[in-house]
Amino acid sequence: MFHLRTCAAKLRPLTASQTVKTFSQNRPAAARTFQQIRCYSAPVAAEPFLSGTSSNYVEEMYCAWLENPKSVHKSWDIFFRNTNAGAPPGTAYQSPLPLSRGSLAAVAHAQSLVEAQPNVDKLVEDHLAVQSLIRAYQIRGHHVAQLDPLGILDADLDSSVPADIISSTDKLGFYGLDESDLDKVFHLPTTTFIGGQESALPLREIIRRLEMAYCQHIGVEFMFINDLEQCQWIRQKFETPGIMQFTNEEKRTLLARLVRSTRFEEFLQRKWSSEKRFGLEGCEVLIPALKTIIDKSSENGVDYVIMGMPHRGRLNVLANVIRKELEQIFCQFDSKLEAADEGSGDVKYHLGMYHRRINRVTDRNITLSLVANPSHLEAADPVVMGKTKAEQFYCGDTEGKKVMSILLHGDAAFAGQGIVYETFHLSDLPSYTTHGTVHVVVNNQIGFTTDPRMARSSPYPTDVARVVNAPIFHVNSDDPEAVMYVCKVAAEWRSTFHKDVVVDLVCYRRNGHNEMDEPMFTQPLMYKQIRKQKPVLQKYAELLVSQGVVNQPEYEEEISKYDKICEEAFARSKDEKILHIKHWLDSPWPGFFTLDGQPRSMSCPSTGLTEDILTHIGNVASSVPVENFTIHGGLSRILKTRGEMVKNRTVDWALAEYMAFGSLLKEGIHIRLSGQDVERGTFSHRHHVLHDQNVDKRTCIPMNHLWPNQAPYTVCNSSLSEYGVLGFELGFAMASPNALVLWEAQFGDFHNTAQCIIDQFICPGQAKWVRQNGIVLLLPHGMEGMGPEHSSARPERFLQMCNDDPDVLPDLKEANFDINQLYDCNWVVVNCSTPGNFFHVLRRQILLPFRKPLIIFTPKSLLRHPEARSSFDEMLPGTHFQRVIPEDGPAAQNPENVKRLLFCTGKVYYDLTRERKARDMVGQVAITRIEQLSPFPFDLLLKEVQKYPSAELAWCQEEHKNQGYYDYVKPRLRTTISRAKPVWYAGRDPAAAPATGNKKTHLTELQRLLDTAFDLDIFKNFS
């Protein structure tokens, strides 16, 4: 860590030509012009002080002189008057030379202005020293701010920065100043606001004001921001004398909020002392901090705030910020109550909430949503961002003025979790920005038992925010008024600039990680200090009593009033008989379900379309709907091929997707497709965004030109992130059931970078939080000799997490069996072998009366496979998604002659049919495709097995035996046939890697599995 004083040597003050655009201290911008000063435009070698940073300072002086010549030193007045009179470079502070031959009058005039030979160099150096001093405070002052309420550590972990960085003579000497200069008056640059209405101050007062602005209980990190207007805005907020003032009414409100925050935790501790609740003790100021951000944002027009936070203090936020009924919170502590809703539920400090109420400060309606989250710290960050983006989209809030997000973090997780970085880098991307998030870090200076010095390599836990130029406000949480001021500024920053901002609440944790944990094992000295520490409520109450803002009886009455509220709610909680998880829903869908949360029907209409619609979409997909738009020659051939397919009434994979999307847009369903390179498609098959070859950045999205009143289509290339982007899209899909939200992995192999979102949100989300989600994952999958990282979407992992029982045969005679299966499952897993079926499953996702995540293993080689085509006939009215595609060749005509029935899924079907034809076994081997793997199509497969009574059964897959679908399909297929026959395996041997990287080995393995599949004697020895 550099010392504050050493940084000044590297400073380069901002030039006046830059500052003219922004804040000046009550100086008219119109007067600030530099056209007449010759030292600004002429070569500067002749003026020894007009070089480097000196020239910048001279411009500052010139600005001041233009407004008021008496505001600068007399020597400067002479210099500028001489220069304006036309003195050549190098002579403005001496007797001026003749301007031209014969111009004696001009010479006489210029010479009369020179009254003295000032020591200009010394004067400039002194003023530059003061300017460097001011800038040093602005850059490094936060390092010596009094941030730690315990007084143990500097919040930035750097104990080597001396607290008396300026006041001693040797420190002043670094700047070329000494104690004799302390009472000298110096003109202030336009890059500071410490002067208020004054343009010059004594050095002693300059230092005092800088200390007050930057070295007390607030530390401001902002000088890395590369926007001058934003820097000036922040300087004005923190440097202006007396700006941090609160009315008595505001102080009383702050005290009341602290009472609620503190007494809530104390009440829980009294009633349930042995329960984990991850209390807020040590950072009780978080509650008034959040309420201040919400109040200020509401005042600025925000009417919907979406929040995400970890477990620490969550119950307090639910109770005192979102205003969840206290009895509902207290019920969660009753171990005797049973859950009324299906699913596992979740612990109380993970639950979300949605509530609409009146903001009492602004008297405006505001909706607050706290997103449910797992214990995986920071995982909810992109989810909150995605939900915020969706809510902004649906209400037409293109600038983020109505809907905003607040994210809470712990210090250790904020520094340690990579998803924080991924989320920050979404913050300013056009298709992902939420126009500014307020981040609040509960910096209790410990991560469970880990010291901050072992938890991060950076000075602050917030340093990650610097990558997006977000200002960072560090504040001592034991100074509630400083916290409130910082939160007001943060809300104003977001409202003004629509960019991220970070509030770092430097606090402590009074108890262990949870209430049952003993922190003295690992932090004995820290906790000895904490035991002595007065609670912030007591400190602030004593301060207000001493100021006469409140008296002791009023304070005690506030406490007793809230205690009574808690006791009454506790009594009501005893009347509750069951726990309702649905009371904790964070994203309700009004009107989609019945009042009791059930689907309005248990059926799905046909997903087919009329030929007119198919043809119209196909024609648009094969053309450029914009005039004077030049596309690439290769793309012209692709569009021509599409047009020929439409004429022939067939579709390939890309065209089937186009038709599914286009038809849903016609029905008012917004579609959002996101992922790496999805606009073109990793395999150059999609081309949903056309690029003009002659005009840079000119693009066209034909999908948005289909129908007059269609829903908008959003297709957006994402950043190179899986975890963050999938979380974002999951959050987007939470907001409304009437949108098809898809995330496509570049290759299915890369989805495991987002495994946390899949495991903690998508798979169990409904079971834990009674929250449905219709997100679609497109995962390119197929063994094609491309190596172990470009072959497998790991279907075995998705199938292993399906919630059906492989050993129980459901009631196949149940009405709407297939729809009931879908309703009961936790997600749907499909592997389509035809474009038509892909078309149907996308449309079914929206036409179902409920929402489930959809996992689709999409093809790669089939995108251009000549046999992977579907006729319009497969997509017309009356057609549906086929869960199973049965054999329809000669084997199906004479089923009694079939020796083997092969079950498979996906691309391997085309390898099998080719091999079967080559071996002339089309009548002996039947091939049935399972298109929907989960929920398992027991009913249809039973019919297939019964159709071929003499056939032995085998499962064929191109994946290795310990991967793919075999371990999922075999027990369910055995259950289907009551274990009457064995189910043999034809496929690759077990392996650690998903695929070989050697092409020859790949082909050898493929031929071996085909030999196994069609050798009718191979399983006889195992019988």
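The backbone N, Cα and C atoms fix where each Cβ goes, glycine too.
On a predicted model such as this, the values are computed, not experimentally measured, just so you know.
Residues D411, N444, I446, Q676 are recorded by Swiss-Prot as thiamine diphosphate binders, and the candidate that the same record lists for that site, out of R312, R314, R323, R771, is R312. Listed in sequence order, the residues G410, A412, V442, N443, Q445, G447, P452, C507, Y508, R509 complete the 8 Å Cβ shell around the Mg(2+) site centroid, once D411, N444, I446 themselves are left out. Note: the Cα of D411 (thiamine diphosphate binding site) and the Cα of K534 (ubiquitin cross-link) are spaced 22 Å from each other. Checking each of the recorded positions R312, K401, Q676 against H143 (Ca(2+) binding site) by C-alpha distance, the shortest gap belongs to R312. Rounded to a whole number, the distance between the Cα atoms of K564 (N6-succinyllysine) and I446 (thiamine diphosphate binding site) is 34 Å. Counting only same-chain residues six or more apart in sequence, the Cβ atoms lying under 8 angstroms from the Cβ of Q676 (thiamine diphosphate binding site) belong to T682, N717, S718, L720, E744, A745, Q746. Cα to Cα, K534 (ubiquitin cross-link) and K970 (N6-acetyllysine) are separated by 65 Å.
Secondary structure at K401 (N6-acetyllysine), taken from DSSP and collapsed to helix, strand or coil, is coil. Taking the Cβ of K401 (N6-acetyllysine) as reference, residues of its chain lying under 8 Å away and at least six apart in sequence are, in sequence order, N300, G301, V302, H435, S495. With R312, D411, N444, I446, Q676 listed as the residues that bind thiamine diphosphate, the site has a largest C-alpha separation of 37 Å. The most densely surrounded of the recorded positions H143, K534, judged by C-beta neighbours within 10 angstroms, is H143. Local packing around the Cβ, expressed as the count of other Cβ atoms within 10 angstroms, is greatest for R312 among the recorded positions R312, K564, K970.
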